[in-house]
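What follows is one structure encoded as structure tokens, with my remarks underneath.
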Amino acid sequence: MFKFALALTLCLAGSLSLAQHNPHWWGNRNTIVHLFEWKWSDIAQECETFLGPRGFAGVQVSPVNENIISAGRPWWERYQPISYKLTTRSGNEEEFGDMVRRCNDVGVRIYVDVLLNHMSGDFDEVAVGTAGTEAEPSKKSFPGVPFTAQDFHPTCEITDWNDRFQVQQCELVGLKDLDQASEWVRSKLIEFLDHLIELGVAGFRVDAAKHMASEDLAYIYGSLSDLNIDHGFPHNARPFIFQEVIDHGHETVSRDEYKDLGAVTEFRFSEEIGKAFRGNNALKWLQSWGTGWGFLPTTQALTFVDNHDNQRDAGAVLKYKSPRQYKMATAFHLAYPYGISRVMSSFAFDDHDTPPPQDAQERIISPEFDEDGACVNGWICEHRWRQIYAMVGFKNAVRDTELSEWWDNGDNQISFCRGNKGFLAINNNLYDLSQDLNTCLPAGTYCDVISGSLIDGSCTGKSVTVNEHGYGYIHIGSDDFDGVLALHVDARV
């Protein structure tokens, strides 16, 4: 009987895996933004007033379930569950459901960051969650679910990251490790995810996926309901799954164990793009970007310049604090035809534990904007930088076209076309790029969407005239505000 059940699980996993790679975007939209720690009401408004009109495809939201309350309210308290009640500092279940509906109505899908690996870590006394639920993490007692000690793996510490048992059955940074092979645990996780599906979400980012056995996740994913047709999804549509698997290429638990279950976060993309645009690797080598660099196949890779974790670490990863290089890297990310793209929207931080912007009562505050639409009160909002949202529009305009006419100067100046719909040039040298280059575009004058916008037929920034052969004179000065230029057919003057 066990062999039959296992075979059935594997069969279901195989038949559903391709469906779980589909993010269910509207039209030609194809970029996700992570609105890290935003409130549900603010996300709903952002969908209606900015993300929808600018062509964003979806939002990754912070964990929605009740979490532990930690002193100072660090961002990581959201990653320490107390129960699966939908009450956090971002809002309650009613506000969450309202956000999902309003975002779906304007073509912006919602993907929830979900915690299936663990509950909260030890607490000195009885812990209280954001919905008022009490728990005793040290005893592995979580009445709000309920979970008891029998629902967890035995307590042990990860000391050897090359030991599969430790990685998948011991406690990640002291967080109480759930036993996903347990029928009861599986039922509660499936119930939680199905509730979110009923509310209209399009899928899930699965936190700490490498710390769970892939066969257990296959069972859980395969047991989920189809997406809710009342929110515009077709019949039999499966939730989009993207899984956090940190794999630097030498891990005992490999990304390849998860890639057929759904997309996988391609951390090597983030690391290598940071090295390149920091000047530690010549941009000319990016011509073979993607699988040529040993990355996952394009439909299985969730790609990003930085995320909420690695932007807080030392190393090559670029973040908002290096804006010129960050914008160049993001432009390349969104222009090059590889991966399922996600852009980051951060809040300012000075140390690893900095909480999101909050008031004196420790309530998350709403972002405020200046006359140009940029955030001003502790929220960084990279997605509102013109150079980034303009590239979201570029990516929409060139969707389903191939890369062609790669050019480089043998160093850190590059350009390429996307079919006959788009052209990108980057200068990361300390001298000017001044060159007649093939843009592949039809003859005409085009607005550079990096330096300006096309408004009422006029360009507020640079413009490039393309001749009948598709060539245009491209100039990016070494001291220009931005080291990138982007043209596309929807920005023709």
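Backbone N, Cα and C atoms are what each Cβ position is placed from, and that goes for glycine too.
Residues or ranges marked as disulfide bond in Swiss-Prot: Cys47-Cys103 (among others). Cys47 (disulfide bond) is surrounded by 26 other CB atoms, counting those within 10 A of its CB over all protein chains shown.
Per Swiss-Prot, the feature disulfide bond maps to Cys156-Cys170 (among others); the stated evidence is similarity to another entry. Neighbour list (Cys170 (disulfide bond), Cβ cut-off 8 Å, at least 6 residues apart, same chain): His153, Cys156, Glu157, Ile158, Asp177.
Arg342 (chloride binding site) falls within a strand when secondary structure is assigned with DSSP. For Arg342 (chloride binding site), the same-chain residues 6+ apart in sequence whose C-beta sits under 8 angstroms from its C-beta are Thr31, Ile32, Val33, His34, Gln60, Leu302, Thr303, Phe304, Asn307. The chloride binding site annotation in Swiss-Prot covers Arg205, Asn307, Arg342 and is backed by similarity to another entry.
The active site, nucleophile annotation in Swiss-Prot covers Asp207. Listed in sequence order, Pro63, Tyr79, Asp113, Val114, Leu115, Leu116, Asn117, Glu244 are the same-chain residues at least 6 apart in sequence whose CB falls under 8 Å from the CB of Asp207 (active site, nucleophile).
For Glu244 (active site, proton donor), other Cβ atoms within 10 Å of its Cβ number 20. According to Swiss-Prot, the active site, proton donor annotation covers Glu244.
Swiss-Prot lists Asp309 with the feature site 'Transition state stabilizer', giving similarity to another entry as the kind of evidence. Asp309 (site 'Transition state stabilizer'): 17 other CB atoms within 10 A of its CB, across all protein chains.
Annotated disulfide bond per Swiss-Prot: Cys375-Cys381 (among others), in sequence order. Following the DSSP three-state reduction, the secondary structure of Cys381 (disulfide bond) is coil. Residue density at Cys381 (disulfide bond): 23 other Cβ atoms are found within 10 A of its Cβ, drawing on all protein chains shown.
For Cys440 (disulfide bond), the number of other Cβ atoms no farther than 10 Å from its own Cβ, over all displayed protein chains, is 20. Feature annotation from Swiss-Prot assigns disulfide bond to Cys417-Cys440 (among others); the stated evidence is sequence analysis.
The Cβ of Cys447 (disulfide bond) lies under 8 Å from the Cβ of Ser453, Leu454, Cys459, Thr460, Gly461, Lys462, Ser463, Leu487, Ala491, Arg492, Val493, each of these being in the same chain and 6 or more residues away along the sequence. Feature annotation from Swiss-Prot assigns disulfide bond to Cys447-Cys459 (among others).
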Candidate recorded positions Cys47, Cys103, Arg205, Cys440, pick with smallest Cα gap to Cys381 (disulfide bond): Cys47
Secondary structure of Glu244 (active site, proton donor) (DSSP, helix/strand/coil): coil
Residues that sit under 8 angstroms from Cys417 (disulfide bond) by C-beta distance, when 6+ apart in the chain: Leu403, Ser404, Glu405, Phe423, Asn438, Thr439, Cys440, Leu441
Sorted by sequence, non-Arg205, Asn307, Arg342 residues with Cβ within 8 Å of centre, chloride: Ile32, His34, Gln60, Asp113, Phe242, Glu244, Thr265, Leu302, Phe304, His308, Met344
Those residues of the chain, 6+ apart, with a Cβ under 8 Å from that of Arg205 (chloride binding site): Gln60, Tyr111, Val112, Asp113, Val114, Phe242, Gln243, Glu244, Leu302
Among Cys156, Cys375, Cys459, the one of these disulfide-bonded residues whose Cβ has the fewest neighbouring Cβ atoms within 10 Å: Cys156
